[in-house]
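The next block holds one structure in the form of structure tokens; read it before the comments.
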Amino acid sequence: MNDTLAGWLQILALVGALALTYRPLGDHIAHTLTSAKHLRVERFAYRLGGVDGDADQKWSVYLRSVLAFSAVSVLFLYAFMRLQSHLLLSIGMPAVTPGVSFNTAASFVTNTNWQSYSGESTMGHLVQMSGLAVQNFVSAAVGIAVVAALIRGFTRRKTDRVGNFWVDLTRIVVRVLLPLAFVFAIVLVAGGAVQNFHGVDSISTLIGDHQSLTGGPVASQEVIKELGTNGGGFYNANSAHPFENPNAFTNWLEIYLLLVIATSLPRTFGRMVGDNRQGYAIIAVMGVIWAASVAIVTVNELHSVSSQAGHVAGGMMEGKEQRFGIWGSALFAVSTTLTSTGAVNSFHDSYSPIGGGMTIFNMMLGEIAPGGTGSGLYGILILAIIAVFVAGLMVGRTPEYLGKKLGGREMKFASLYILTTPAIVLVGAGLAMALPGERAGMLNTGAHGFSEVLYAFTSAANNNGSAFAGLTVNTDWYNTALGLAMLFGRFLPIVFVLALAGSLARQQPVPATAGTLPTHRPQFVGLLTAVILIVVGLTYFPALALGPLAEGLS
Amino acid sequence: MFGSLPSVVRNHVAALRMLLVFTVLLGIAYPLAVTGVAQAAFSDQANGSRITQDGKTVGSSLIGQSFNLPKKNPDDAEEVAQPDPKWFQPRPGGYDPLVTGASNLGPNDEGLVKTIKERRAAVAEFDGVAPEDVPVDAVTASGSGLDPHISPEYAREQVERVAEARGLDAAAVRKLVEDHVEGRVLGFLGAERANVVELNHALTAMK
């Protein structure tokens, strides 16, 4: 079989598998979020946690619960890392430095999983499995909980209640993430991913050299790293590491896992609002953007476009693994940056100018195609609101989406959401470029060096976590600045989403009339796609022109 | 028990208790359960797919190794180790599992371009082939720095050199390489490749 046909089959198999999962998983999540019954294990958790599982919360209380849980999580993780040398299973690792501890705590709680450290030389097994991996689960569940509250804003009428955060969080973990993680962790191990509690084993190689074989509970963390769109690798090489991602099948499976929840959530949305066609429209927009991005990156990598190194070498294999090849690497790179995953199986810094630039652009889109678990759906629903608003302006009537009027209050929250991330990215990257010490952190020079800095802030503020990894980021300044970018980039948008949910839930729905814009037709799919590209394009074009575009055209 | 505390404090206490519940469930019970099943059902994979020789672990089939000649002065950090002609050579890299990762050099980095040209010339001379015939994986470093695989083309290119250095029949070595060429997984996933560690391990059994 030739390379092109195999590459196409790999993509088609992925799309087919996701399409088969769309309905069952989407319906299951919808049922999880709407069922009146608690499982016994969930009741037990509420009792241990001291929370009332039957309360219905106002948006402000829901928000305070999200923020309290996240604040406690940051402090807990920070303390965990600072104290790791005193704990079990530290495999000889010393306490993590304050800068890295803060950055990493912010990173894992915000579902970013930016890593300014190397796992194999910084983190013991206990911090990895009982600290970082726990956040991989719950930060993903927080994203789904927030979008559940937003959907309830659309479905409920004349109420100030949007659901119960503790119930949403617990149910998503217990009924969705944990069962999937367990099954696929075993599949990953069967494929070759390691799962043990070995420390570093010193062995003598075939020629008698010393080699240090690392161990760890890797598969159990790897699976939720993808499934929860987290992306923080057990090892520095992330999903390029053969112990995390041993072969082309596990590679394909990991891409499937990092997409599967975010691509099924539109079904959950359609199901909860009582019109599955609304979900199809959203998944169609996600699919169009994803497919275009896969095409652009794959073509640029296959043909070494504008890359001197690629032409001299005879292909873009620098930073890529032989077992995945170009197709398997490009597919992963696109999927990881269009979700908020940020795991990498190849190193984007060495991608062709437009291929690498596309990974930055993917994140700039706000990670909505399909985006992170939950965060992708609430991101695209905000953009849908903007699209409906734009359409309303054209015909001069008050816009409405799913029967809810989008008045001044709703549009303010939507606009604030849209403005937050670019503000953090551009101010952060601007500051870093203005400071000589921070500028010196660039590995590469010229336009590509600027792309490294732009990538870092785009990745942090959008809670992605991947990097143009040449940039030296383990400094106090970057650890602090990027840590703050992650926290603001995660929680300010959540504030606006939940405020919007509260505002929508209070309304009495208006009946659809002949003048109502239908939001399930191809026309709306086109409108929403255009709005996404225009809003993002106008915001980031100058920054992109200085980095990847300048490099690609020179 | 916390009824008398202000609501903001009660909220954070509840958050901490819920976090501890999740930590026990997801951070202890879950990884231990996965480890239990993994060790019982797939102990070979779960422990790193180790290769043994005379009862001793000599590597992992997933982690590449260096096959260099001993340094003239082992204490000289500056001295560049030279490849040993008796072994199939992997992609460029250090193969130290404690320092994983890629070069991260940009697609137009002058240093990278220069390095690739040097690698091409060196590999061509070492294997006795024309520079333009050296395949791409022989002149580029992998993402992990541990890539155990090379392309079938690069493996085939090294046959004559290995056979000569070992005094073996080239046809036999060529057959060994063909036996170690792996197709795409399920016929369409990933790329064709040969595992250098397994290939070299098999080489040690040849007389």
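Cβ from N, Cα, C; glycine included.
Database features, via TrEMBL:
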type: TRANSMEM; residues: A:61-80; note: transmembrane segment
type: TRANSMEM; residues: A:87-109; note: transmembrane segment
type: TRANSMEM; residues: A:129-151; note: transmembrane segment
type: TRANSMEM; residues: A:172-194; note: transmembrane segment
type: TRANSMEM; residues: A:279-299; note: transmembrane segment
type: TRANSMEM; residues: A:324-344; note: transmembrane segment
type: TRANSMEM; residues: A:375-395; note: transmembrane segment
type: TRANSMEM; residues: A:416-435; note: transmembrane segment
type: TRANSMEM; residues: A:481-504; note: transmembrane segment
type: TRANSMEM; residues: A:524-545; note: transmembrane segment
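Across A:129-151, A:172-194, A:279-299, A:324-344, A:481-504, the stretch most heavily in contact with the transmembrane segment (A:87-109), judged by Cβ pairs under 8 Å, is A:481-504. Listed by sequence, the residues of this chain that lie at least six past the ends of the transmembrane segment (A:481-504) yet keep a Cβ under 8 A from its Cβ atoms are 58-60, 62-63, 66-67, 70, 74, 102-103, 105-107, 109-112, 114, 116, 146-147, 149-150, 152-154, 160, 162, 375, 378-379, 382, 404, 409-410, 413-414, 416-417, 420-421, 424-425, 428, 431-432, 456-457, 460-463, 473. Below 8 angstroms of C-beta separation, residues 3, 6-7, 10-11, 14, 111-114, 225-226, 229-233, 238-240, 248, 251-252, 254-255, 258-259, 262, 289-290, 293-294, 297-298, 301-302, 315-317, 351, 355, 358-360, 362-363, 365, 367, 369-373, 375-376, 459, 462-467 of the same chain, each at least six residues beyond the ends of the transmembrane segment (A:324-344), sit close to that stretch.
Beyond the transmembrane segment (A:375-395), the same-chain residues lying 6 or more positions past its ends with a Cβ under 8 Å from any Cβ of the stretch are 111, 143, 146-147, 150, 229, 262, 265-266, 268-269, 282, 285-286, 339-340, 366-369, 401, 406, 410-411, 414-415, 417-418, 463, 493, 497, 500, 515, 517, 519, 524, 527-528, 531-532, 535. Taking every recorded stretch in A:129-151, A:279-299, A:416-435 and counting its Cβ pairs under 8 Å to the transmembrane segment (A:524-545), the highest total belongs to A:279-299. Nonlocal intrachain contacts for the transmembrane segment (A:279-299), taken as residues 6+ away from its ends with a CB within less than 8 angstroms of a stretch CB, comprise 7, 11, 22, 26, 262-263, 266-271, 305, 326-327, 330-331, 333-335, 338, 351, 354-355, 358-359, 361-362, 365, 368-371, 376-377, 380-381, 384, 519-522, 524-525, 528-529, 532.
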